[in-house]
Every structure is written in structure tokens, then in C-alpha cells.
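Visitor: Take this structure first; my questions come after.
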Amino acid sequence: MRETDKQIKCISKIKMFLLALMCAYVSKTLSGSFLNSILTQLERQFNLSTTLVGLINGSFEIGNLLLMVFVSYFGTKMHRPMLIAVGCMTMGIGCFLQSLPHFLMDPYEYETTVSKTSNSSSNDFLCMRKETQIFTPAEDPSECTNEVKSSMWLYVLVGNVIRGIGETPIKPLGISYIEDFAKTENSPLYIGCLETGAIIGPLIGFLLGSYCVKMYVDIGSVNTDDLTITPADTRWVGAWWLGLLVCAGVNVLSGVPFLFLPKSLPKVGLETNMSIIEEDERNETKAEKRDITIDFLPLMKSLFCNRIYVLFLVTSILQFNAFVIMFSFLPKYMEQQYGISASEAIFLMGIYNLPPVCFGYLAGGFIMKKFKINMKQAAYIAFCTSLLDYFLNMLCFLTVCDNSPVAGLTVSYEGTQQNVNMERNVLADCNIDCNCQDKIWDPVCGNNNLSYMSACLAGCEAYFGTGVNMGFQNCSCIKSSKNASASLGLCGSRPACSLMLQYFLILSALSSFIYSLAAIPGYMVFLRSLKPKEKALGVGLHMLCTRIFAGIPAPIYFGALIDYTCLHWGTLRCGKSGACRIYDSINFRTIYLGLSTILRGVGYVPAMIILFILRKQFQSAESNATVMETVVKRKEKEDKEINKRSVYLIENDIQTKF
């Protein structure tokens, strides 16, 4: 009876740990996905290039690197739940630090030619043909000094590094704890539950990001009725800081349950007296402290001599490069490719991509548990399903959408397509004498469905209305059968782009489900290729390498490639370049889809070698088993013959005697 009570108590504690770890997974992925969803907002708030935004994104991995190997190896010798609790609270501190620039900076000011105050009667943003002197904005030294405050993006970078440090112990120590104290056949299902938690977090994070981005960054301190931009505008900055405060609170709370969990548990199914375990731990503590580093180098050597582990590591690095690119820049890609707002892009990404991934993880874990898949079968399942997803994902190349028609950038003033790689000239005969600022991005949409960089460059001479409802008339550059008029903002995307967006989202949902279906079998191949003592260090080293060779460099080099496709950079008060306002969507699509396709394609080469090695190992094992079975049968046959002869000799002996 006591033994049964101990079993129930042990099972309940491992499930409590699993529930707490799921909450930690939710909180860490919530803050990570939220930061990914606001990258474009940070780019606009601090007037950064995509390369620097990629550095901010990769700084999380830098924080991981500082403690990854130390925590993965030495953490197993310490109180693992306590380390996870400290990590969760450290992540909360990092999120809070990231939100600080909003409270230390002046209100956000976007570039515009139109007066932002409703009581202003100035019309110097229109085509002023009578003027003879070209208008140039004054460079107030104090205003130029204020722009230096944009360096406060370093708070975001440092906060992300701290968040990465806090996240370090959660996965390697959490998984090793489950592997050590849960039933072996339950491990795939438990890991599937954890990966499901890692999907629920991003889903909440993207929904939170979509909500926050809809609100103006300085809401409560600025009269939003005076704004001349909408959430669909590339100059709009949402309330990114608000979500970071929410993430900070959630991360701190998720660490509390681990403070009440024990350092170790009896292995489920092999329960013994807990007092004996504690006594053994006390007896081994001194030896562990003396020998804590003695077996480190042998374990490292053992890992790198494991062919399956090394090949899986190479595959993971290549695949993770592609994943970081696809995941980090998907909202930006959808904004530029299909002409939707940042809030809508974040919302659609969360709704269409994350639920299929959640179902895929659960299905993969269930299949592994239900059919008791061995290592070879798991490898084949992971490879075939991942390859199917790869070919399905290539169909996204067909979901094309042309560049947004902007006079002087992507099309001529007559509306004909022009080569975006050639030198662009935003001035034309219709506006050459308007004395326009030719670098300020303040787009208007003409009633000929053609966008112009500003009302002045559209040749507009009159305006009506205020705020986002402002309109313009008598526009000489707009060739239309009706009155040549325009309204604030870029023209909306064409119906064909909306249809292509739907196709892209459907393909993305299917691809996400199939890809995640392969994740659990693939990860179990990785875990089962390791010896029990190697698991914690192997998982940590795997995370370390993927961060060094994928998590850190991928967003930086891909950000630089995206910057190469920029058609027009924003302009600050003092003439310096700000964030990019519009990209060449064709080149953007080629780089975004093409690079990830190449990286994933190369990653299948080491994966095929793993299949070959496992096939050879299992064939050898099967042949050895067959040989052993043959030897046993032959021995049994010989024993029968010996028994027969013995019986025959005994019978003859008896007959001789009698």
C-alpha cells in the first residue's frame, strides 16, 4: 500500500513539473514571438536598418551562448527546478528593460510634409509654382541632438541579451529532468506536450502583438485625431512597449512554481525509498564536487565521435537558418508582398501557422507513443514528412504579387512599369517647378490608382479636410478622366494580391502542420542517439551550435540582403537616412523564399546519410539476431541428438544387463 502511494506521489510530482515547465515554455515563447512581431515597429521607432534589427533579434542567442554549455552540463548536478525559476525571473527583468526607452524618449515623430496640427493653415506641403526658391527643411541643432536619442535601441538589445541568459536553463534542464524521472515510453508524449506549450505561447504573443500594434505608440499623450497616418502606413509605430510589460509580468509569475519542486524524484516505474535516494545523493555530493569536470572532456569526445549526433547537428544548423529567416521576417514579408498592415500580418501569421504546428506536435508525439516507433522508423518518418513539406513550400513561389505602383519608384508617371534597378527620378515635367522635397515619404493615392511620394510630387495645389481624412485637388501629375484628386496613404493592393495572400496562407498552414509532424520523430532520433549521461550536455551543445551558426548570424545577414532590396529610405530632420519605407517586392520574394529553400535543400544531404547509417546498424543488428537464433536452434538440435543417443545407450545398457 505504501509503495502504491509513493508511485502516485511520484507521478503527480512529475506531472506538476511538466505543467510548470509548459507554463515556462509558454512564457518564454510568448515574449520571443512578441518581440518578433514588433521588429518592424522597433525599426521605425529608432530609424534602424533591417541589419541592425537582425542584430537585435540575434542578441537573444548571444545571451544563450554566455551560459549554455555551463548550464547544460553543470546544471544537472544542481537543483534544476530552482535554476529554471531563476531563469524565468531573469527573462522578466530583460523584458522590462526592453520597454524602458519608451519612457525615456520624446514622443515619436514621423516624417511628413503635411502639418500635424489641426489648427494650422500652412499649405507649404503643396505644389507652389510661384515660388522660385526650393524649400529645404531647416536643421535645428537641438533637433539634431535629439535624434541621438535613437541610440536607446541599445536598451532593447541589452534587454534581449538578458532575456536570452534567463531562457538558457529552461529547455536543457527541463528535458533532462523529464528524461531522468519519467517513464521511457512517456517521454515522447511529454516532449510533445512541451512543444505544444511552445506553440501556445507564440499564438498568444502574436495576438498580443497584433493588438498592441493597432494602438499608436504614444497613446494617451498624443491627440490621435491629429495623426495623418494609419496602422497600414509604413511610418506607423504601435504600442510595442505595452506588450513587453505584459511579457515581463508573465515570465516572473511562471518561475514561481519551480521554487516548490524537489531536486530529484524516483524514476517512475522503478520507485524506491526516497530516503535511500536522498542518502545516496548526500554520499555522492562530495565525489560529484571533486569529479564535476573530470568527465566533461570524455563526454565531449564521445559526442563528436557519434556520427548520428554530428550529422543531426549539421542538419539542424542548416534547417534552423531557414527557420529563423522564415519566422523572423514573415510579418515584414507579408506587409511588403501583399500590402497589408503590420497588425493584420501578425494576426494572420498567428492564426494560420501556429495552430497547425500545435496539432502536428501532438500528432507526432501520439504516433511515437501509440505505435512504439523505433529509432530507424522515426528517422524515416521525419525525413519523408519533412521532404513533403519542402516540396509543398516551394509552391509559395507561385503566389506572386507585383510591386505597389509608386510614380518615380516602381512605375513611371504615365503608369508604365520601369526597371527598379535603374536610377530612379521622382521628378517629372508635371512637378519639376513645384519646389518639392524629393526625399520625404508622405505618400498619397491618386484617383487613377497610382501612388505618389507626396502631395507636392503629385502636383496637387489645393487640399481639404484634416488628419487621415485629408484630401487633395488640382493634381497636375494625375492623369484621370475625373477631377485629378488624391487622398493620404498608399493605394490599396489589387484584388489579385488578396487572392494570392489566401493561397499563401493555405500553403503556409499545410506546410506548418507537416513540418511539425516530423519534428517529434526527428527529435527522438536525436535523443536516442545519446547515452543517458550525454543527454543534458548533448541537448545543450545542440542548442549552442544552432545559436552560434544560425540564431545569431541568420537575421543579420538576411537583414542585410533585405536592405539591398529597399527602394526608398526614410529621411530624418537633419537629412540622415531613417527606416526603409518601401521595398522591391519581387527581389524581396526571391531572396526570402529562395535562400530558405536552398538552405533546407542542402540540409537533406546529412539527413540522408543518417538514414543510411541507421539502416546499416539495424541490418547488422538483425543479422546478428538471425545468427544467434540459428546458433540457438542448432544447439537445441544437437542437444536433442545427444539426448536421443543417451537414451539409446541407456536402453542398450539395460538390455545388456538383463
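Glycine is treated like the rest: Cβ placed from N, Cα and C.
TrEMBL lists these features:
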DOMAIN    17-619  domain 'Major facilitator superfamily (MFS) profile'
DOMAIN    424-479  domain 'Kazal-like'
TRANSMEM  16-35  transmembrane segment
TRANSMEM  55-75  transmembrane segment
TRANSMEM  82-100  transmembrane segment
TRANSMEM  239-261  transmembrane segment
TRANSMEM  308-330  transmembrane segment
TRANSMEM  345-367  transmembrane segment
TRANSMEM  379-400  transmembrane segment
TRANSMEM  503-527  transmembrane segment
TRANSMEM  539-562  transmembrane segment
TRANSMEM  591-614  transmembrane segment
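Looking at the shown structure, what environment does each listed feature sit in?
Guide: The residues of the domain 'Kazal-like' (424-479), classed with DSSP into helix (H, G, I), strand (E, B) and coil, number 3 helix, 11 strand, 42 coil.
Panel annotation: around the transmembrane segment (16-35), residues 57, 60, 81, 84, 88, 91, 95, 98, 160, 163, 167, 170, 174, 177-178, 181, 190, 193-194, 196-206, 208-209, 243-244, 247-248, 250-251, 253-255, 257-258, 261, 265, 350 of the same chain, lying at least six beyond its termini, place a Cβ under 8 Å from a Cβ of the stretch.
Here the transmembrane segment (82-100) has Cβ contacts under 8 Å with residues 21, 24, 27-28, 31, 35, 63, 71, 75, 155-156, 158-170, 173-174, 241-242, 244-245, 247-252, 254-259, 263 of the same chain, all six or more residues outside its ends.
Sequence-distant contacts of the transmembrane segment (239-261) (same chain, six or more residues past either end, CB-CB distance under 8 Å): 13, 16-17, 19-20, 23-24, 26-28, 30-31, 34-35, 38, 41-42, 45, 81-82, 84-89, 91-93, 95-96, 98-99, 101-103, 166, 205, 208-209, 211-213, 215-217, 219.
Residues of the same chain lying 6 or more positions beyond the ends of the transmembrane segment (308-330) and with a Cβ under 8 Å from any Cβ of it are 36, 39, 54, 57, 345, 349, 353, 525-526, 529-530, 538, 541-542, 545-546, 549-551, 554-555, 558, 562, 592, 595-597, 599-600, 602-604, 606-607, 609-610, 613-614.
Long-range contacts of the transmembrane segment (503-527) within the same chain, counting only residues at least 6 positions beyond its ends with a Cβ under 8 Å from a Cβ of the stretch, are 179, 187-188, 191-192, 195, 199, 308-309, 312, 334, 338, 348, 352-354, 356-361, 363-365, 367-368, 373, 375, 378-379, 381-386, 388-389, 392-393, 395-396, 398-399, 535, 538-539, 542, 610, 614.
Among residues of the same chain six or more beyond the transmembrane segment (539-562), those with a C-beta under 8 A of the stretch's C-beta atoms are 49-55, 57-58, 60-62, 64-65, 68-69, 71-73, 171-172, 175-176, 300, 303, 312-313, 316-318, 320-321, 323-325, 328-329, 332, 526-527, 583, 588, 591-592, 595.
Long-range neighbours of the transmembrane segment (591-614) within the same chain, counting only residues 6 or more positions beyond its ends whose Cβ lies under 8 Å from a Cβ of the stretch, are 307-308, 311-312, 314-315, 318-319, 321-322, 325-326, 329, 333, 375-376, 379-380, 383, 386-387, 390, 393-394, 396-397, 525, 558, 561-562, 564-565.
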Visitor: Against which stretches of its own chain does the transmembrane segment (379-400) lie, if we need a Cβ under 8 Å and a gap of at least six residues from its ends?
Guide: 367, 373, 500-501, 503-504, 507-508, 510-511, 514-515, 517-519, 521-522, 525, 586, 589, 593, 597, 600-601, 604, 607-608, 610-611, 614
